């Protein structure tokens, strides 16, 4: 790349762009939660006297026997083709990519992969400027299948298709243009890639049951257990590999025949490392916004007998309400990113800290601690710590109506404002 010297943008520019991205993603996740919280917490269409449904296995076998030989062959062929493509891509990325000797081919492969990934995140983030009316509902593929959340368009199909095509084309143009500018030696647009990816991850990250306490406990346990486990695994590998001298000689022989992607491709990959430290703790930041929204709104009364086919429209407007704890969490996130770059500036030998996953050892404690301190300052620490969201009802609550009401009452109670609980 002598013709196009790379002007590498400082990581702090990408990391600072993650803060407004987290704020936007938190509001987008809040709007989805507002719609999901209006869905039935215990959706079921069969009463207590309804006949027992067959198991998924027996039902699948029955449907399989009813197919003709031609349709069976087509299904088997489609499965084998998809499985072979997925397995082939996996083996290629693990073993084949390292064997490529052509720099042009290596860069072209990574360019296609990165453009596809960034196009998806930019397309999702473009919903801010070109929103498509959407709705959400609970969905079951079969009577005994697990419950899932299904999204659909809440407008005419032609209009939705037109908007989606425009967003996709614009996203491809933006992702391709940023990739081209990076190839030309300019990385000034990388914050757009980082912000779009953070928005996509935080706004779409959801589990059937989300709890502030559980998420903090899991991530804290990871921070505590990861170092000793990594050291133990490294010692075992070093022991069974025959010592460090043999390992160094083997690595030097392998490096001679390995083609590494160009610097401009690596700079696109490093965007993920720059934003990783902000993505992980921002899960709690987004939940904190939903927690404060629940404090100023009426208690959530979720229906229990509604059909799973009844969709609820996802609002596009951003509600206004007091959110001091959420703003404190955003400030803690900003402080953690600034602190990481200050450390790398004062100690140049650990410049790798800002572009490796190890920066979560700074961002997670600061964001979690800052959010908890703000919650304690405003007298909401206990309520924030116990805050829980039920995105998808548990299977046992959807199987039996009587037990389901009991289970959902306990889970639903976690969604109510704490003031309402104390007066109950």
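Yeah, the Cβs are placed from backbone N, Cα and C, and that goes for glycine too.
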Listed range which TrEMBL flags as transmembrane segment, given the options 303-321, 360-378, 379-397: 360-378
TrEMBL annotation (transmembrane segment) - matching range among 146-164, 165-183: 165-183
Stretch with greatest number of CB pairs under 8 Å, the transmembrane segment (189-207) reference, 104-125, 165-183, 219-237, 360-378 candidates: 104-125
Per Cβ pairs under 8 Å, the stretch of 104-125, 165-183, 360-378 packing most closely against the transmembrane segment (219-237): 360-378
